Each structure stands twice: as structure tokens, then as C-alpha cells.
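Trainee: Let me begin by handing over the structure; questions about it come next.
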Amino acid sequence: MYRPLVARLLRDSVATRKGSSHFARRFSHSLPFATVDAEELSGAKPAEVLNLVQGNWGGSSSWHTVVDPLNGEPFIKVAEVDETEIKPFVESLSKCPKHGLHNPFKSPERYLLYGDISTKAGHMLSIPKVSEFFARLIQRVAPKSYHQALGEVQVTQKFFENFTGDQVRFLARSFGVPGNHLGQQSNGFRWPFGPVAIITPFNFPLEIPVLQLMGALYMGNKPLLKVDSKVSIVMEQMMRLLHYCGLPVGDADFVNSDGKAMNKILLEANPRMTLFTGSSRVAEKLALDLKGRIKLEDAGFDWKILGPDVNEADYVAWVCDQDAYACSGQKCSAQSILFMHENWAATPLISRLKELAERRKLEDLTVGPVLTVTTEAMLDHLNKLLQIPGAKLLFGGKPLENHTIPSIYGAVKPTAVYVPLEEILKVSNYELVTKEIFGPFQVVTEYKNSQLPMVLEALERMHAHLTAAVVSNDQLFLQEVIGNTVNGTTYAGLRARTTGAPQNHWFGPAGDPRGAGIGTPEAIKLVWSCHREIIYDIGPVSHHWEIPPST
């Protein structure tokens, strides 16, 4: 199915392109869908990010400049629409009916179309030149190690592979229940919302928007996608790849804007459902503005508990380091607080964590710029924590050295601060200690067997319930902790982690009816479709039937 596409890609890669400057630019990088070269992005060769609406790519009246997070050089110009330019996007969404672009009774062949698109897109991302392109582009705008960036591409590829062939139409599987009499039967269907919106953050420029965009499209919706402008170049290029793989250009719109303009689009277009991934503050505002027509995957102050059984100390330390500091802690699933059983506190765990954290360096981006929290803000938070009685700095707590990261971003060494459990629970301290710092920063504390109820109390009082880890193979301990907590994605066992949002299991919060999942069939059906019941009652009516008395 995808062989002609791949052959075309390879043929285009070696062909000499002539003609207009557009095509020279478009194909100069040997990838027929690409309009940029990740390696060449610079102030001297800035890239441009456009908008897509009603099947056409276009600019705006003004350009927003994105600076290189590693050196501060302006290197990307984003065509951000302002409040006077939103009409085409509002009209485009408004043209989509509530019953969607397809549903089980309308254009069912489009389920097969999206199976084909997924097949082609998955294979495209398996081509080393293509996966390298996206991994490097991610690194340029959301600096993380190459391993982390490539992992994001690979998860996206596997997601596409999961929804090839008939798998898209299987998402719309219905059921039937026998009725009360001959000719009656009730049938349940998954139904699209129609016009929808997707808003995604900077930290996963490819994985989050692709998985949510495709989920929306699979179920028959028409989405308007907005990605944080700092990183939207990645998804703009992915949209072009999807068009190359057969995505109809009018099926999805792509907009660059600030929050104010996007909010106005939502209020005027009135999408039937909006998916928001990002900060809790914005999430709560949108929930009010959109009158509840929203699904959220917002901030997470994610916890890890080390149980009483101490095993594989080096492995556990390595996972803790990865959970807290990979991507410079800029994951919504990053380990924010570590509860150590006293048995673990008696081991060299903290010194091992310190050694692992100190291996991280800017040169390979195992630590790097923090895009939403400044250095001053992180150090100020640290200093406030250190005012708590018994608190102490375990490691880090200093700015990165010898760098050119602009001051609008953060640059600190991986940091851990110890706060006594008794102090954490105090009303005067709790909100401070559990404030999410979206950077390489974690709180560490210790507990005894008798203090497990205190740990559970601390978890119960948290507001966000995204990911969690219970590191123990003690079945009774696991049962106690899992039974008294709520986090939507909870890893349990010796190898438990807080991070890792692959395509093979649910990732999302629990405990909130607005909670959104991502990636799996269950998540797609929950977020991007609703239940519709159709009751057939075709008769026959008995020949002996008579009009009964009124009731």
C-alpha cells in the first residue's frame, strides 16, 4: 500500500528540482514535504511558520519572532493571527456540521481513508532520514537529548502503526441489544462532535498534537489545532507530511496565535469540544469560557513512593533521575516529589541520585533551557523551601554555567531539596511544597512504616492526579497505596516510573470528569466521540391491535 509513496520519496530525494523559489526551498532538503532544514535554522536563515485554513496555507499581518533557546538568536518567524484575522478560522469550524465529516451512517469510507493515511505516515516516520529530521527539529525548539527527541518520534510512529488498516473503523464499533418485541432493537454508536479544537503545549511538539489530532480525525471531527508558537514549526512540518500521505487539506486547520486571539476564536466558533493540554490556570479559565465543553490534561505534581523493600538500588536511582530530570524536568509526568521509606534512606540512594544528576550537561542537552520558568523564579522557589524548618538542599540549586541561554528562559542544575514530611503537611507549607516547578526540580522526603497514613494524606490533598509511581514488589503495600490514591496513570512495581507516555497504554489524569486521555482506543473514544443510541422499531404491528385507553 505504501510502497509507491516510499518510492516517490526516494525518487524525490535524489531528483534535481528546478523552477520557482518555493519549490527550490521546498525540496532543497531532499524531503518532499519539508520547507525547512533543522540543521540550517539560524538568524541568517530563519524559518517561517504559516497557518492552514480551509485548505490553504497563508501568513498573517504580523510575525512573531521565536529566539533560539540555546543562544537567543531570532531564528523562526511565526505568522500569528491577531483578533482581527480570526474570521476564516471561525467560518471554517462553523461550516462543519455537528454530525461531523464522517460517522457510521455518513461517508464510512473515510474510516478506511484514515487507516491508509496512518499506514503511510507510520512508514514515513520509519525512514531514518524522516525520523532524524523531526528529532533534530524538536531539539532546535524544545532542547532535549537526542534520545528523548527521537523517542518522541518513535512513539508517534508506533501510534500510526496501531491505527492502520481496519483499526480506525474498529474505533467506531457499535453494539446491538434485542428489543421488547419483534422489529425493535437498540444500537449504540460512537458519534463525532463535529467542529472541535485542540490546544497543545511546548514540551512534546510532535507527540501530543499528532496523537490528539489524529484521534479527532479518526472519529469524524474537524479539528482546529493550535500548538505553542515556540515549537509550532514541528507540527507545521508534520501537517505537510500528513498532506503528502493523503490527508485531505480541508479536514483540519492549523493556527498560530497568542492566547487572547485563540480564546476569541473559541468563543466565536463555539466548537462542540475542545481538548486542552497545559497549565491548570488556563485549563480552569477555558472550562468556564466554554461552559464545560472541554477535556483537560493539565498540570501534574507527580509523586513517587519508594516502598519498604529495597532492591536494585542502582536501577531505582537511575529511573528517579530520568523521571525528575530528563527533558530538564519539562514533562507533565515528571517526578515532582519523592517519598522514601526509611529503609531506602539508609542506602546511598541520595548520593547516587546526586552522581547521576551531575552527569547531565548542556553539551548533549541532558540538561538545558527551561522554557516557561526563569532561573530567578526557580531559585526563588528553592530559597522559600529552604526556609521551612528541617529543609536542606541535597544537590543542585545553582544556575548552569558557561552558556548563552537567553534570560527569558531558565537554566539551572538538576536540583533536589529535602523537606520533612511533618512540615509538608502543615497548612502553612503544603501549597508551597506542592507547587509544580516545570523544570529540573524535585522535593524529597522520608517516612516510616507508621507514617504511611501521613503520606497518603499528602497525596489526597493534591489537586492534580496525572501520573504516579509506587516502587515496590510488596503486594500488600501496593494494594494499600493504590487503593487509597487516584492518579490516572500509575506505575506499580520495582520498575515503576512516573514518566513515559508511550502509545500502548492510557496516559491521562483521573478523578476529574473533564480528564482527557491520549493514544489508546479507549482514550480516543472517550475524548473524541460521544454515545448515540438509535432504537429501531419497525414493526410489524399486530393485526389485532386496537387503540388502548389513555394513560
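In case you wondered, yes, glycine gets a Cβ from its N, Cα and C as well.
Owing to the predicted nature of the structure, the values given are computational and were not obtained by experimental measurement.
Marked as site 'Transition state stabilizer' by Swiss-Prot: ASN203. What Swiss-Prot records for GLY278, SER279, SER280, ARG281, VAL282, ALA283 is NAD(+) binding site, and it gives similarity to another entry as the kind of evidence. Residues or ranges marked as active site, proton acceptor in Swiss-Prot: GLU297. As annotated by Swiss-Prot, active site, nucleophile applies to CYS332.
A description of the local structural setting of each listed feature is requested, covering burial, neighbours and distances.
Mentor: The Cβ of ASN203 (site 'Transition state stabilizer') has 24 neighbouring Cβ atoms from other residues within 10 Å, across all protein chains displayed. In this structure, ASN203 (site 'Transition state stabilizer') belongs to neither helix nor strand by DSSP; it is coil.
SER280 (NAD(+) binding site) carries a helical DSSP state (H, G or I). For SER280 (NAD(+) binding site), the same-chain residues 6+ apart in sequence whose C-beta sits under 8 angstroms from its C-beta are ASP298, ALA299, HIS463, ALA464.
Its own atom aside, the Cβ of GLU297 (active site, proton acceptor) has 28 Cβ atoms within 10 angstroms in the protein chains shown.
Proximity of CYS332 (active site, nucleophile) to non-local residues of its own chain (separation of 6 or more, Cβ distance below 8 Å) is seen for PRO201, ASN203, THR277, GLU297, ASP298, ALA299, GLY300, ASP302, LEU466, THR467, given in sequence order. CYS332 (active site, nucleophile) falls outside any helix or strand according to DSSP and counts as coil.
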Trainee: Which of VAL282, ALA283 (the binding-site residues) has the most other Cβ atoms within 10 Å?
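Mentor: Per the Cβ count, the most surrounded site is ALA283.
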Trainee: Report the residues of the chain - excluding GLY278, SER279, SER280, ARG281, VAL282, ALA283 - with C-beta within 8 Å of the mean position of the site's C-beta atoms, for the recorded NAD(+) site, in sequence order.
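Mentor: Other same-chain residues near the NAD(+) site: PHE276, GLU284, LYS285, ASP298, ALA299.
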Trainee: Indicate the candidate from GLY278, ARG281 with the smallest number of other Cβ atoms within 10 Å of its Cβ, considering only these binding-site residues.
Mentor: ARG281
